[in-house]
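Chemist: Just dropping this structure here.
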Amino acid sequence: MKANPPLAWHPVPVSAPVNLRWWLMHQESLTRLLQAHCEHFRVEPVFQTLATACIDELEVMNLRRQNQVLVREVYLRCNETPVVFAHSIVKKEHLRGAWRGLSRLGNRSLGTMLFTNPLIQRTPLAFKKLKPHHPLFERACKQLQMRPINLWARRSLFILLRQPILVTEVFLPAIHQL
C-alpha cells in the first residue's frame, strides 16, 4: 500500500514553490486578496450544471458516484488574465436549503458570500499537486496558451446549517506575476 495514494489531498503543500505557498496558505477570502493585487478583477463563469462529482470529491462530500451535484466553475481574472480556476460542488438537495442562492450567482464571487456570512464554518485547507490526468487540471487549462507540467490546488468545505459546499481553487501560472 502506498503512503500517499494518488487521490490524497494533504494538510500542508510541502513541495509547493515558496512564492506559491503564500497564496495557497492564505486563510481569508481569495477574492479579496486578488482584488488587492490587481487593478481589474472579475469572475468569469465557464460552467454550471448538475453532474457527478470527481472521484476524489466523493468521500469528503459523503457522496456516491451516481449522486447529482451542482458543479460551478469560474476563472478568477486579474487584468483579464486567468490566475485561478475555481470549482465548487454542492449536493442537489442542498440547493433548496442552505445554498439555494448558489445557482443564481452568475459572475458574482462565491467567496464574497462565503466570507460575509458568520454562520458559515470552514474546514482546514487541503492541498494537492494536480497532474494532467486529473479532471480539474484538464478543465483549468482550457484557457491557457501553454499547459504546465502540473498545477497546485487547495480545497476546503464551507458548512452552513450542516450542509457543505466543497470549494477547490486551482492556481494558474499567471498567479506568479501578481
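Cβ coordinates come from backbone N, Cα and C, glycine included.
Residues or ranges marked as substrate binding site by Swiss-Prot: Arg72, Leu110, Glu169.
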Chemist: Give me the sequence-ordered set of same-chain residues, not including Arg72, Leu110, Glu169, with a C-beta within 8 angstroms of the centroid of the substrate site's C-beta atoms.
Modeler: Glu73, Val74, Ala86, His87, Ser88, Gly111, Val167, Thr168
Chemist: Hey, what's the Cβ neighbour count for Leu110 (substrate binding site) at 10 Å?
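Modeler: Around the Cβ of Leu110 (substrate binding site), 20 other Cβ atoms lie within 10 Å.
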Chemist: Largest pairwise Cα distance, Å, within the listed substrate binders Arg72, Leu110, Glu169?
Modeler: 12
Chemist: Quick one: give me the count of other CB atoms within 10 A of the CB of Glu169 (substrate binding site).
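Modeler: Total other Cβ atoms inside 10 Å, all chains included: 22.
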Chemist: Around the C-beta of Arg72 (substrate binding site), how many further C-beta atoms are within 10 angstroms, looking at every protein chain?
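Modeler: For Arg72 (substrate binding site), the 10 Å Cβ neighbour count is 21.
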